[in-house]
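Read the structure below first, then the notes.
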Amino acid sequence: MAVTLAPGTAAAPGRPRPVTRRGPRRATPGRIVAWTYLGIVVLVTLFPFYWILRTALSNNYKLATHPSSPLPVGFTWGAFERALGIASTAQAQAQGGSGASLDIPLYLRNSLIYASVQTVLIVLFSAAAAYAFSRLHWRGRNLVFGVLISALMVPGVFTLLPNFVFVKDVGLNNTFAGLILPGGLFQAFTLFFLRQFMLGLSNEIEEAAIIDGAGPLRIFLRVVLPMSSAPIATVSLLMFVNAWNDYMWPLLVTNSPATEPLTLALGVFKQSSPQAAPDWAGLMAAALIAALPMLLLFIAFGRRIVNSIGFSGIK
Amino acid sequence: MVVTSQDNHTTAVTPPSGAVAATAAPSRRTTGSRRSRFAQRTAPTRSRAARRMDLPFALLLILPAVAGFAIFYAYPTFRGVYLSFTDFHVLTPPTWTGLANFRELVHDGVFWHSLGVTAYFVVLSVVFGTLISLVTAVVLHRVTRSTTLRGVILLPFLISNVIAALVWQWMLDPELGIVDIALKHLTGHSIMFLGSGGWAIPSLAAISVWKWMGYYALLIFAGLQTIPPTIYEAGRVDGASEVQMFRRLTVPLLRPILAMVVVLTVINAFQVFDIVAVTTEGGPANASNVLQEYIYRKAFRQFDFGYAATMSLALFALLVAVTFTQLRLSRANESDLS
């Protein structure tokens, strides 16, 4: 109600005032409070990341002597060496490692295969289907689309157990196929997102291509796909992050080092380390290595990721 | 098959069959006038013909998606419902037991306790998550356009729940954790964050808020950008304070986005699992035994899949009910922005 009132009253006398106000707004108490608040938010957001680094560069035994030191305690690369399996067992135990090894390179490879193959598949198949649901005309198109999109309603929780049983029944547990396929063929969000974009493409270029003799396949590959490169990149990033961070599905379908992704290995590693004194330095080093690809992605595509969040939600 | 039909169709329309759409954009410019003439002459017949040609190709394109939907969404949904009426221990085929699982559910104290624990977690993470994201988004929107700052806030969203859980568990460690040390320093008291019955759920909710706050703040931020700045100028002209403008302008205009954020947080919070599985594993003494954790343990520790499916079904029903109620109450699809 206040909203409908405001523009009307604003029309006549209001012009000069915002202009005069704008000058001194630089350092009003309100702005100071706002920036202080943002400072705290940023601090709370970033501090754990710093603490990962600080702990990972510490000697695990000496951590206990200076638990609140802001700098690494007894600086050493030992934790990274343990996490990467370079250190010998004796070396590891001397620095407070459990001696249990975590074969990070192997799990890193598994995570890479899982996340990248799934991303490529889901984006490819979603883009193909999105094209069929947006640019091609065929009977039943909207009905089929509506049925597929209904998958948005079913929470992941509910399909997890039956999917696990199915994957196990067809013998795909502990394989990359079992890990990748459930999320690699169809996800309602990617399909919906790409279709929305493709619906908005103008007809002209497509018509020009038709005049030039291109069939639907060529139009898809040479016109619509290139024109959709921005949303495709966005969706690829989001899917890659999701798959990289996935925990529960890998937990259900894999239990062999040959296929376990890094997130899972980290969780299990933590649980298997002795309850009394976990190797926090080693764990943090491993966590940092696991998070590194995401941090690199973030540095490379930060702006795109930030902007994509807005439009992933608002549609 | 598709290729031939498409070739027939293209040769019928344009003579130079070699011309490809590869350079569609330039060709549009160079052949502009010719194109419009062509288009007018051929459009109606072409589009009807094309429509017929489209169907097989469209079916081919949607095949993987439809297969994925059928195998990994539709089939497990129905199978999940079926399994919840059976006694099923994976190794032997399921046997139909009617409503036995549901009867067990009603009398299962642990289930109701889990439901309560989950609800507690949901309330905490939704209330604080939404509030902090909202305030952060509004403050960001009012004082800066910096993408970098928004990026920094989004950082926890990019790392996995497992890592978030690990680092917080380390920071909340009752002996060596920095948070605990700071707390002891400031108040003289120490808190067993994840290790005590009373603090386990609030601690987990805090970790979850830390992880997701930036994401929801950016969703809200995007919503704020759709509000025309003239409205705030008008408000300022009318002498409204920042707080008044927040309550009277921002919140009402933001209602659809806020409703969506709340629905998303609720749905996510009800399905919390990763953080719990890594840190407390439901303990101490079931104090953080959220539904997903309980379902997971029933299925994969006790191999009682039938009963686990029943609980999943209950959770599913609960989510649907909560979502619909929320959308109803929040009038999500109406904004005062018109």
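Cβ from N, Cα, C; glycine included.
Annotated compositional bias 'Low complexity' per TrEMBL: A:1-14, in sequence order.
The annotation region 'Disordered' is assigned in TrEMBL to A:1-25.
As annotated by TrEMBL, transmembrane segment applies to A:32-53 (among others).
Feature annotation from TrEMBL assigns domain 'ABC transmembrane type-1' to A:108-301.
Summarising the annotation, TrEMBL assigns transmembrane segment to A:112-131 (among others). Note on the transmembrane segment (A:112-131): residues 148, 176, 179-180, 183-187, 190-191, 193-195, 197-198, 220, 224-225, 228, 232, 235-236, 239-240, 243-244, 246, 250, 261, 293 of its chain, located 6 or more positions outside it, place their CB under 8 angstroms from a CB of the stretch.
As annotated by TrEMBL, transmembrane segment applies to A:143-164 (among others). Long-range contacts of the transmembrane segment (A:143-164) within the same chain: residues 129, 133, 173, 182, 186, 188-189, 191-192, 195, 248-249, 252-253, each at least 6 residues beyond the stretch ends and with a Cβ under 8 Å from a Cβ of the stretch.
TrEMBL lists A:176-198 (among others) with the feature transmembrane segment. Sequence-distant contacts of the transmembrane segment (A:176-198), counting only residues of its own chain at least 6 positions beyond either end whose CB sits under 8 Å from a CB of the stretch, comprise 113-114, 117-118, 121-123, 125-127, 129-131, 133-135, 145, 148-152, 163, 167, 224, 228, 231-232, 235, 239, 243, 246, 249-250, 253-254, 259, 261, 312, 315.
The feature transmembrane segment is assigned by TrEMBL to A:219-241 (among others). A Cβ distance under 8 Å defines the sequence-distant neighbours of the transmembrane segment (A:219-241), meaning residues of its chain 6+ beyond its ends; these are 115-116, 118-119, 122-123, 126-128, 131, 135, 187, 190, 193-194, 197-198, 201, 205-206, 209-210, 294, 297, 301, 304-305, 308, 311-312.
Under the heading transmembrane segment, TrEMBL lists A:280-301 (among others).
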